[in-house]
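*Asks:* This structure is in structure tokens; I'll ask about it shortly.
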Amino acid sequence: MAAVTKVRLGGLSQKLLKTFVTKPPLFRNHPKLCFHHSAILQVAGQEIKMPSLSPTMTEGTIVKWLKKEGDAVAPGDVLCEIQTDKAVMSFEVEEEGILAKIILPDDSKDVKVGSLIALMVAEGEDWQSVELPSGSGAPAAASPAPSASTPAAAPLPTGGSVPGTAINMPSLSPTMTEGTIVKWLKKEGDTVAPGDVLCEIQTDKAVMSFEVEEEGILAKILVPDDSNVKVGTLIALMVGEGEDWKDVAIPGSAAPAAAATPTPSAAPKASAPSSGGHAHSDLKMGPAVRTLLEAYQMSPSEVSGTGPHGLLTKGDVLQVIKQRGLTAKAPKPVPPPASAKSPSGPSAQPTKTSPQVASLKPTEGFTDIELTSMRKTIAKRLTESKTQIPHSYGLVECQVDKVMALRKQLKSENINVSINDFVIKAVAVALQQVPEINALFSNDKLSVSNVVDISVAVATPNGLITPIIKDADRLGLVQISQKMKELAGKAKEGKLQPQEFMGGTFTISNLGMFGISEFSAIINPPQVAILAVGGGRPELDGEGNLRTMMTATLSYDRRAVDEVQVANFLEVVQRNLENPNMMIVGGVPGSEGAEERQALGL
């Protein structure tokens with residue numbers, strides 16, 4: 001976590017305020033109104049749910065909250081202490097934000113894994129206006145019993161007679177609500193010990209290892225590879241050593257629920273427009289009726305509707321089929337436009353996992369790809385950044401011939417460093433000299449960081465992730481190169497730990513190695529800037545000499561950074577890259593442009 005320095009009023013400003021303001025100012029908190037709906041807008045909070053702190057944990061007790069509402073939290077901070085089925089354990093937060101609402105207080109007992117316990121908001125949002133999910137303040141009402149005399153019976157276990165220990169989908173980050181089991185690393189019948197990795201799970205942050213915390217035998221895997229599962233869902237069973245793992249009893253609730261099918265005698269309650277492919281498209285019918293009509297290749301006009309307002313019922317169609325002695329025929333292929341226009345047709349009935357939908361899509365020229373948790377998080381964060389932060393841009397051209405020559409010289413001495421390593425070093429030195437860019441903006445406050453932790457974008461099969469070169473300004477070029485190779489390798493293998501990619505004070509995104517000469521990037525809040533680096537390209541200077549130029553574009557938060565600060569920063573980056581030998585020993589001393597602007601009072 002980066003140490004920060006808060007920008008506050010100085011002593012003179014406070015004295016002047018006391019001189020001219022004799023009474024404390026009264027600040028009125030006016031609700032934000034949406035004039036289209038005349039409703040008060042509230043901040044949507046990130047849900048923090050009861051985590052699974054051990055493979056066998058199904059519920060826990062919140063012993064004590066160590067943070068209070070309104071407290072800023074950072075990765076590694078302990079939110080609360082939780083009594084699990086093993087011991088009292090600390091529940092650490094893995095991202096920055098503000099604890100907006102504590103749903104369940106101290107000493108809340110028997111809280112199910114996956115239950116909502118608190119809400120967080122991002123830094124800069126009004127935590128006091130957080131929107132509480134419906135029903136969050138009290139436990140959900142019990143479902144009515146099917147009979148007044150006898151309660152509903154619990155599902156009976158199936159399989160063998162040996163009771164197993166439940167292993168539920170864990171909450172591997174405070175904001176995780178579901179995850180994908182990427183791969184099981186143990187198979188049924190394997191003996192496991194504390195520290196062994198059962199499987200790899202794709203969370204909303206990264207692919208993480210799920211370790212077992214007790215000895216036993218993995219008896220039954222209930223959820224296979226590549227399955228998306230809610231936190232708290234039963235995914236496997238363990239038995240003790242010496243027990244017959246093949247005879248494990250599988251809880252009835254673990255069996256997949258049967259797909260709901262329409263009751264034959266039930267008439268649809270809601271009307272739906274028919275497909276545009278029928279001549280009488282104004283007739284009303286439900287999905288079951290449409291299925292029968294298509295199966296027997298009948299037109300709706302051949303059937304008289306006896307339902308309300310002329311609605312065709314299933315009984316109407318069956319009666320005509322019986323009277324005519326019709327037999328089902330092979331269904332006609334439905335053209336793509338017709339299927340797109342009939343949301344109530346058969347193509348809309350299967351669930352998202354139905355093989356029918358998957359088989360139809362390629363014929364229409366599209367293939368649906370389900371978003372991973374990581375991709376959903378990327379989409380959400382980037383959308384928030386682009387819509388909430390006023391992005392502004394600055395661009396600089398750097399001649400990198402000396403960098404390339406020095407890199408070649410180092411390579412001849414078996415020291416392999418990349419152009420990107422030089423860029424990281426140049427930026428680290430520049431952030432020392434222009435600290436206003438090395439800052440975080442949140443809650444309408446600008447916090448200048450005392451450390452230089454540079455996030456570097458790395459492409460992985462699941463999307464971009466930004467491992468952090470911590471204390472980059474204190475590292476040498478070779479150390480930066482070694483650290484970058486280590487982090488990039490772990491990122492591509494999905495082995496990064498949360499502390500290795502959460503946080504950072506500035507971000508670099510380099511697409512030069514992919515042939516991109518120039519681009520702009522989206523700010524990673526609460527950081528105030530990100531540098532987009534293109535590839536080197538040959539150009540002729542004014543004297544006809546060939547040189548290699550590289551474009552660097554800074555996207556910055558205009559609320560927190562002024563153009564003159566951007567100009568100073570980019571000038572230092574440029575000078576560092578054009579004089580790499582000086583940069584390695586701490587940067588180019590002074591900056592004529594910066595001195596001129598300072599002399600002019602800019």
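Glycine residues also receive a Cβ, built from the backbone N, Cα and C atoms like all the rest.
According to TrEMBL, the record shows the following:
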type: COMPBIAS; residues: 132-160; note: compositional bias 'Low complexity'
type: COMPBIAS; residues: 255-278; note: compositional bias 'Low complexity'
type: COMPBIAS; residues: 339-350; note: compositional bias 'Low complexity'
type: DOMAIN; residues: 45-121; note: domain 'Lipoyl-binding'
type: DOMAIN; residues: 164-239; note: domain 'Lipoyl-binding'
type: DOMAIN; residues: 284-321; note: domain 'Peripheral subunit-binding (PSBD)'
type: REGION; residues: 130-173; note: region 'Disordered'
type: REGION; residues: 255-283; note: region 'Disordered'
type: REGION; residues: 326-364; note: region 'Disordered'
*Asks:* As a quick check of your reading of DSSP, tell me how many residues in the domain 'Lipoyl-binding' (45-121) are helical, how many are strand and how many are coil.
*Replies:* 0 helix, 41 strand, 36 coil
*Asks:* Per DSSP, what is the residue count of the domain 'Lipoyl-binding' (164-239) in each of helix, strand and coil?
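*Replies:* Tallied per class, the domain 'Lipoyl-binding' (164-239) gives 0 helix, 40 strand, 36 coil.
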*Asks:* Roughly where does the domain 'Lipoyl-binding' (164-239) sit in mean pLDDT, to the nearest integer?
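*Replies:* That stretch averages a pLDDT of 86.
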